[in-house]
Amino acid sequence: MDFSGKNVWVTGAGKGIGYATALAFVEAGAKVTGFDQAFTQEQYPFATEVMDVADAAQVAQVCQRLLAETERLDALVNAAGILRMGATDQLSKEDWQQTFAVNVGGAFNLFQQTMNQFRRQRGGAIVTVASDAAHTPRIGMSAYGASKAALKSLALSVGLELAGSGVRCNVVSPGSTDTDMQRTLWVSDDAEEQRIRGFGEQFKLGIPLGKIARPQEIANTILFLASDLASHITLQDIVVDGGSTLGA
């Protein structure tokens, strides 16, 4: 896939899937701007903007400045997200609200600042990263799953609103992926193997392909959906989970 000369924005680009996606776009020739609350490396092969996606005023300020400096935004990837674990009746109000503020509100803020640009240029692609937790309930993940389900609905609604302008909007829903977020759930030396086998007591199936996804595998799907190879694909949600949701 060739993104030479394309202008691409990726949120959550400091680490994990967002970082892998930003790198993949750079390797494909794109001019990439990555957004995150913090960037811990001294150097990155793409432009970086420190920004809290949950802060609407900050998002507006940064996006308006960047859009004034460019003629076209070819692709937007909403990959910023957080995970707060806890049973529904034990989860703090703060954790619930913060999860929605970042996972749903963050994308909403980016949509609000970029939709007019996409309409004016009559083209482009948006890929939003949800989760297989939006498809299958998980014990202790009510906030995360609910936020990702809301995010999916939001992204597809935006896709319908922009379709008449030739803008494609799709969703990628990863399963367990080898990121810092995933590793916070691993509390034993064999946690990865346990996840692959599944947790019957939690009604959580294993992974038929027998492995945890690599961030690059999620990034590959994102790049495909943003590319001309997917020129007639919009309003779709591709689950990349090694089969763990059994197509649910």
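Along the chain as shown, the residues are counted starting at 1.
Including glycine, each Cβ sits where the backbone N, Cα and C put it.
The feature NAD(+) binding site is assigned by Swiss-Prot to 9-33, with similarity to another entry given as support. For Ser131, the entry in Swiss-Prot reads substrate binding site. The active site, proton acceptor annotation in Swiss-Prot covers Tyr144.
On the structure: features taken from Swiss-Prot.
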residue	record	DSSP (3 states)
Trp9	NAD(+) binding site	strand
Ile17	NAD(+) binding site	helix
Phe25	NAD(+) binding site	helix
Thr33	NAD(+) binding site	strand
Ser131	substrate binding site	coil
Tyr144	active site, proton acceptor	helix
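Candidate recorded positions: Trp9, Phe25, Tyr144. Fewest other C-beta atoms within 10 angstroms, Tyr144. Ser131 (substrate binding site) is 20 Å away from Trp9 (NAD(+) binding site) when you measure Cα to Cα. For Gly29 (NAD(+) binding site), the same-chain residues 6+ apart in sequence whose C-beta sits under 8 angstroms from its C-beta are Asp2, Phe3, Ser4, Gly5, Lys6. If you measure from the Cα atom of the residue listed as 'substrate binding site' to that of Phe25 (NAD(+) binding site), you get 21 Å. A sphere of 10 angstroms centred on the C-beta of Thr21 (NAD(+) binding site) encloses 31 other C-beta atoms. Between Ile17 (NAD(+) binding site) and Tyr144 (active site, proton acceptor), the C-alpha separation comes to 16 Å. With a cut-off of 8 Å between CB atoms and residues at least 6 apart in sequence, the same chain places Tyr19, Thr21, Ala22, Val32, Gly34, Phe35, Asp36, Phe39, Phe46, Thr48, Ala79 near Ala13 (NAD(+) binding site), listed in sequence order. Tyr144 (active site, proton acceptor) and Thr33 (NAD(+) binding site) are 26 Å apart (CA-CA, integer value).
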